[in-house]
């Protein structure tokens, strides 16, 4: 049926013509992505040692070495993306309901119809097993585990964190890590730099973001963000038999022990708890609700093209409905992280490398770790002591202490899905706030006391909205490290991947609006990006070549 302009809709364009326009716009967006991306090479680190490959839940021998035939079956699953083939991958422990279910190895075979294709973005290879950089990454995760119960505000004086800062700074590979906070003199300040990142605002003020400790209101219900956190001084998988059972996909011994007091997030164990119990995007929704309550989006419905006009307000575009839809849409970045995890890198989790390190130190394996880790006496003696204190008969192990019984999820480590998601969410929030408002000071900042029972006013330097959004993203990414299940490169590269994907998704959407508008905000690394409706974009005022954003490094004046 063909409709004329006399159709009942008050629309100067007949419905069939509008359908054609929508189709043409979608095709043009897809062509722009295809032509703007070009050929993207996906490169892993070339590692052939199975010790550095993901194989959790597969059968292992008594030394935790994966069965070669089972590993080949996993490779076949990944290559084919077929549910029936993946169902035939052997499991090491098949008692009862399989705990070690592989987490969505077929996800990357889906096709997205918005934003870039999964394979149209990439991340750098991870360091190889013998490298000083991997040694430093693993050492940082160990130090995070040792410091789980130190209040963040005591990082500058507590023995563990002061020692951790000095020890990490002295490792050859540490200054080369992604977004690592380190002084020009090569030292790490334990209070402002330890376990932080160089992203805008993350090194300023309290460790924990305001968006994780401020109350939020949803549907007129105000929620104080105290949680039932993990019990202090309790770690898991420090006994070798327990570790091996989990590597085989066996069931944990029981649930985690919990604290009997509700607390604000005041230390690494609390932050680990948040990132273990979250529903992957809830921190972003909480953050958005807090920012709305603070009029950080100027005020609800008055943003973007509606800021300087009086008779109209946004809702579906540049209003509450739009804000929360964009946060939900940013979840699509997760699929790109799954592509990188399964199809490209398949890197082992920290708990697996911790087992290999333990067996190497014990002389039962001969893994080629860098000496900066193998001979790190200060770190290893502390790991031995904390593990022996919890093990039967005070058995000394060098396994990585986990905050949870089950250890890592059953999918590869690199990049972190939580980080990719939160890189996307942070990008959406900063785009909606805008550059000017993003640089304003966050009002009445606070931090939890050392017991996590009350909030104390922070009297230091200005904490900006954009900085606290960035800090939220880094907190969530590094909270997964504090669980013991990720490395720094998982978090940082995941955040940057989520940012890149979301910039492109926002730009696609911007070009469809009837309202004249732009998005202008600061990227994690400090550059100001501005997106225009004609498809162009600038970095720090320089008009970038190309059709789509592929990273700051590809747009230099």
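Positions of Cβ are set from backbone N, Cα and C atoms, glycine also.
Swiss-Prot lists region 'Disordered' at one of the ranges 1-22, 23-44, namely 1-22. Listed in sequence order, the recorded positions near residue 341 (vanadate binding site) (C-alpha within 10 Å of its C-alpha) are 411, out of 411, 441, 544. Excluding 341, 349, 416, 417, 418, 480, 486, which define the vanadate site, the same chain contributes 337, 408, 409, 413, 414, 415, 419, 485, 490, 491, 494 within 8 Å (Cβ to the Cβ centroid), listed in sequence order. Sequence-distant contacts of residue 86 (disulfide bond), defined by Cβ-Cβ distance under 8 angstroms and a gap of at least six in the same chain, are 77, 102, 105, 106. Of all the disulfide-bonded residues listed (77, 441), 441 has the fewest other CB atoms within 10 A of its CB. Of all the disulfide-bonded residues in the list 462, 544, 555, the shortest Cα-Cα distance to residue 417 (vanadate binding site) is found for 555.
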